[in-house]
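Structure first, commentary second.
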């Protein structure tokens, strides 16, 4: 019985159909970038100072410029490496009293400014920015600056919890259904984030979006690789992730044009509803259909691929249905990843590599991304170079354990647990096989 890869060789491994699906799903990868790193623009922290009642009126009366107002009414810079005191502290002075002069309003209160008492910013802050962010709207500065880290950690918690179930959903109900359901849910939650009335609801919507958004990206990745032939699978997998980088570039331009975070969130969320048209543009994965004994649909999709690629449907397509009575319908579960020794080893190695990779590269994903926003800042308080040293050590360990994984270049993807368990062993056996060729020549005259 031929495999899906065998059939793809005949109907086209990277024809017009695969190119169309690839370009279409790359849009999904690019749209994932704002969810992944949108915090850079949604939660940017501009320069700020304490709001002191009466200072604005005194500044207008005295005709001060902004620099003069800060010089006369705000605490000076702190020690090297520390935040300026004017960002989180203010002089405990009644700026409405008429005795204050315009030349040096604090001179009559103390001989040295350092003797004046400082207090917290009870009346809020003034932000030096033409736009807005969740920081400026919810005042996530000074003692509440940790809430920005919590905002990002919430989406990472969602990524982590969602990744535990999305793979099962994709295997149980299909890649296409998983993609459409997670895309719709993520789009709705993105809109709800843009209209969140308070910080608590903002965290809730961000957490729920993390639960589903990575499943959408992963489903697209799986569909792309399963539609391609062996010779092109690695290339399209890399380019699919490169489309994420294109999304980062586009996000920068959109954020520059829309400096207000709520409108920016709407601008990056509303277009994702268009991905629901994938229902008509992208078929289900033939590999998954074959694992569910839906061979008639496999034959239909393969015939469609052949027509799109300008190939004639081959008789081999019908052979997929000949073993229907003896083919076991697969019911995968999360426990399958730990069912056999080789699968357990590969699973643990990949779990370590993914958590390490996201900590070093973006600090925004899964379990590593949950703790990284807090870990990095706490280590930097000890020494600025300590996070880099820690990640370098973890990276060296990751490079070492990667050598324990099997090579997949030019290898047929495993269709069953048994195939996954034997992945690498079969290749080694073939490499060690020695073929002897003998040639016999007939004697002349015989």
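Placed from the backbone N, Cα and C atoms, the Cβ positions cover glycine too.
Record note: among 298-315, 316-333, 388-405, 388-405 is the stretch given as transmembrane segment by TrEMBL. Between the stretches 115-136, 203-224, TrEMBL puts its transmembrane segment entry on 203-224. Beyond its flanks by at least six residues, the transmembrane segment (203-224) meets 21-22, 25, 28-29, 32, 35, 150-151, 154-159, 161-163, 166-167, 169-170, 175-176, 178-179, 181-183, 185-186, 189-190, 192-193, 196, 236-237, 240-241, 275, 282, 285, 365 of its own chain at Cβ-Cβ distances under 8 Å. The highest tally of CB pairs under 8 A with the transmembrane segment (177-197), across 236-257, 263-282, 388-405, is held by 263-282. Same-chain residues lying 6 or more positions outside the transmembrane segment (21-44) and placing a CB less than 8 Å from one of its CB atoms are 133-135, 140, 148, 151-152, 155, 179, 183, 186, 190, 209-210, 213-214, 216-217, 220-221, 223-224, 227-228, 236, 239-241, 243-248, 250-251, 255, 261, 264-265, 268, 271-272, 275, 278, 281-282, 362, 364-365.
Between the transmembrane segment (263-282) and the transmembrane segment (236-257) there are 3 or more Cβ pairs closer than 8 Å, counting only residues 6 or more apart in sequence, so the two stretches are in contact.
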